[in-house]
């Protein structure tokens, strides 16, 4: 109140600066630690206590987990300081200053650039190496030689969905008018593909790619853009500006199917390996699938890579390479996106933000955060996740721990003893002295190298609960899937950004924590069902069809504001933390049970959050009505 | 600069009946009104044992829409009654309505005001005081809990962004959270001082950086009495009994509860001034405030609302708006208005409107040098 003569800026000494920065940084780190701690401690405890397998490379993993926390801290702060205000400002000005065509071109462009920069998409490519070309030629083509076409089609799908989403908000059209027709088309295509061997195998990929397309960078940007547009729009009174993410996770499914339909006639049908290499495919088909490479050299003598011990030097080199790679990846993701947004803001809209320094700091934070985070995911969380995921089947089946193979030097075959069972079948085993105890190890001839006198011994683990394929073991695996889905979701950055926006827009009537819990439970249920799908071998269609019909029914019952939020949370759930963990889980179990594609878990994990959030919305609606009408009801 | 005296009518209604209010405005041809989203918390009584342990906050937040419309003195009663009628505001839980006397500064001030020759009898109660309180984001739930438990009033909460000290720190400003919560409540005038005191205690506003509070006079109002989600256990719920008594007495004097409240409470240093409410196209308020800080005015809270004009063809205002509340010493009012004019705040490009009202009592932490933080 009192008038100060000079209020330009305050000079702050070094000590005061430190006193401001330290608590700020501590608070932000603590926030992220709280979100990550569940999934990490859960994975560690599960492996140590339930599976009873020590954790390999614990040092690197803990470094990685620390990097995840640090990276998330920077990333989230950068989102709130830079990317989201930028997106919102552009969204606000867009309908006022640009004509419809410019808006459409801009949205299409942003969608494509943002999606191609999305790190989560490369996870799909990684999983491509696990597919055998003869089992699923089309799937193999799309994930290997045709991967660029696949990514581009996903990106174009996202681009178009942003165009439609923004137009929807400008003209105030309700989300269900877009949602229901596109769902019907998608389900019809899925039913059609169900009868074609090749297409059926890509339907899992298609549904998953819709989910993967919207990641930690795209979602906050899209949400902010939508919020900005909805604020400036004259017609939207009830729509909240959410719902663009939903379309962004539906349209790519369609575009992947379209690409699949285009390539399907050009590729061979699935066949056996022998037939595949024995003139099963034509030259053109081979070219389409493998490019210039010769398939037989790639797959003819396919042997699993042996895990050898790396020297400390090599390990360090690997870590440094990982750091460099994640920094360059992050740069590739940020520069085009931020550059394109800033140029658009300054040149086409001729606007500026009130605090430009904050914006640039935010973008720098996002860059740093993304780099550290990716490094952490790769070296920490993914490794931990794949260790647990690959060993999870040991709860119901005995599995070989290939990564803890040990070599026994100077092995003398004379110590092998023969044992017999009730049927008189003979089996050979020997005693191994391990520290101070002696254990019996079955002897396998192929593991013995008589020349070097080395016996490589692969420890066998499980089944943990009773006999092979016991129900309790399956049950434990399902419970694990639920808790993994749930706890990983709590750490998901895009969800956190969405939930913050939701809390902001609803002025605290939908609390951030409540929304995250609801989504977490949904993802947990979805993962559980996805794993069940692999266990029992249900086709994806049988899960998708009834769930979506039920969802459409629930959607019709709900209020528009919850519809938008609920469907958006589906697209958001699966980001850089959940996707690798769930895919690894799916592939790990799929490998043990010899199932071709471990895809489809993600899409099932993305359905259930919609369900839980819609139910949460209906529940809140009930209390709202109660607060209004219990007295009126009394009067009637 | 054009300016005129007007009545600002504020309606806070449950979101589900907001459409009814909006329909009244459309039907009557109200030229401009703004709406903003907010929430009002009510107590929930969990009877499920474990859920009680799980959720520490015993509050349930209901979404509300806050409408503000300008009218003149002659039309006030008519509009007031129409809105009460349409949204059934006499029923607890539906919402509150109140009016204040303000001055409007805008090149087209006269056009913003709604006029209608129909006269009706006045409704609602007089002798009310509004309390406006700005606190750190997240602090409102605890405070509302105290307020509701003690039956002071039903608060309305909205979100805002604070400005002031932190903007002068350079980039270091990001270390200070700018998100604020604005708590508004309406109490009986004779309780106002005690309620103010109560809130200062509840929100620890006498500590630095905790917040800012002021009271403002209200001309006429009807206030929400619903404080709990519980259904009635008796033939009539407590809220119904209260609102029936209100109508019986024709005022809410009987509700005075702070008669013996904390006698000999610490004497606080209140200050007075004028509240300027700036409303402009989104993004511009911030720029203007930055320039105003040269006059020594710092510390404002920005919130976002939407200004609606019905006939679409010739819509003069952009719907996305920023609002800022800042408190200045009374003697500076003219200086600030002319400065705003010089900054082209009222120009077409910015679409600025300013409302002012006198504030008899305000409070915030003050350092020894009597300098506002």
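Cβ atoms here come from the backbone N, Cα and C positions, even for glycine.
According to TrEMBL, the feature transmembrane segment maps to A:36-55 (among others).
Residues 25, 28-29, 31-33, 35-36, 40, 55, 216-217, 220-221, 223-224, 319, 338, 341-342, 345, 353, 358-381, 383-384, 491, 493, 496-497, 500-501, 577 of the same chain lie 6 or more positions beyond the ends of the transmembrane segment (A:61-86) yet place their CB under 8 Å from a CB of it. Per TrEMBL, transmembrane segment is recorded for A:61-86 (among others).
Annotation comment: TrEMBL describes A:98-117 (among others) as transmembrane segment.
Using a Cβ-Cβ cut-off under 8 Å and counting only residues 6 or more beyond its ends in the same chain, the transmembrane segment (A:149-171) has close neighbours at 91, 94-95, 100, 103-104, 107-112, 114-116, 121, 124, 142-143, 177-178, 209-210, 212-214, 218, 222, 225-226, 229-230, 233, 235-236, 239, 241, 243-244, 246-256, 258-259. Per TrEMBL, the feature transmembrane segment maps to A:149-171 (among others).
Long-range contacts of the transmembrane segment (A:178-194) within the same chain: residues 164, 168, 200, 202-203, 207, 246-247, 250-251, 253-254, 257, 260, 539-541, 544-545, 548, 552, 555, 563, 567, each at least 6 residues beyond the stretch ends and with a Cβ under 8 Å from a Cβ of the stretch. The transmembrane segment annotation in TrEMBL covers A:178-194 (among others).
Sequence-remote contacts of a segment are chain residues at least 6 beyond its ends whose Cβ falls under 8 Å from one of its Cβ atoms, and for the transmembrane segment (A:241-264) they are 111, 138, 141-142, 146, 149-150, 153-154, 156-158, 160-162, 164-166, 168-169, 175, 178-179, 182-183, 185-186, 189-190, 193, 196, 198-199, 202-203, 205-207, 209-211, 213-214, 218-219, 222-223, 225-231, 288, 498, 501-502, 505, 563-565, 567-568, 570-572, 606. What TrEMBL lists as transmembrane segment is A:241-264 (among others).
Same-chain residues lying 6 or more positions outside the transmembrane segment (A:331-349) and placing a CB less than 8 Å from one of its CB atoms are 82-83, 86-87, 89-90, 93-94, 97-98, 102, 106, 109-110, 113-114, 116-119, 217, 221, 363, 366-367, 370-371. Annotation source TrEMBL lists transmembrane segment at A:331-349 (among others).
The list of residues near the transmembrane segment (A:471-492) in space but at least 6 beyond its ends in sequence, with Cβ under 8 angstroms from a Cβ of it, reads 35-36, 38-39, 42-43, 46, 50, 72, 216, 388, 392-393, 395-397, 462-465, 516, 519-521, 523-528, 530-532, 535, 572-578, 581-582, 585, 589, 605, 609. Per TrEMBL, transmembrane segment is recorded for A:471-492 (among others).
Summarising the annotation, TrEMBL assigns transmembrane segment to A:513-532 (among others).
Residues or ranges marked as transmembrane segment in TrEMBL: A:538-557 (among others).
Among the features that TrEMBL reports, transmembrane segment is placed at A:569-589 (among others). Long-range contacts of the transmembrane segment (A:569-589) within the same chain: residues 39, 68, 119-120, 123, 127, 130, 210-212, 214-216, 219, 245-246, 248-249, 373-374, 377, 381-382, 385-386, 389-393, 477, 481, 484-485, 488-489, 491-495, 498, 515, 518-519, 522-523, 527, 530-531, 534-535, 598-602, 605-607, 609-610, 613, each at least 6 residues beyond the stretch ends and with a Cβ under 8 Å from a Cβ of the stretch.
Taken from TrEMBL, the feature transmembrane segment covers A:601-620 (among others).
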State the residues, same chain only, that lie 6 or more residues beyond the ends of the transmembrane segment (A:601-620) and have a CB under 8 A from a CB inside it; answer 'none' if no residue qualifies. 204, 207-208, 210-212, 249, 485, 489, 509-510, 514-515, 518-519, 521-527, 529-531, 533-534, 540, 543-544, 547-548, 550-551, 554-555, 557-559, 561-563, 565-567, 569-571, 573-574, 578-579, 582-583, 585-586
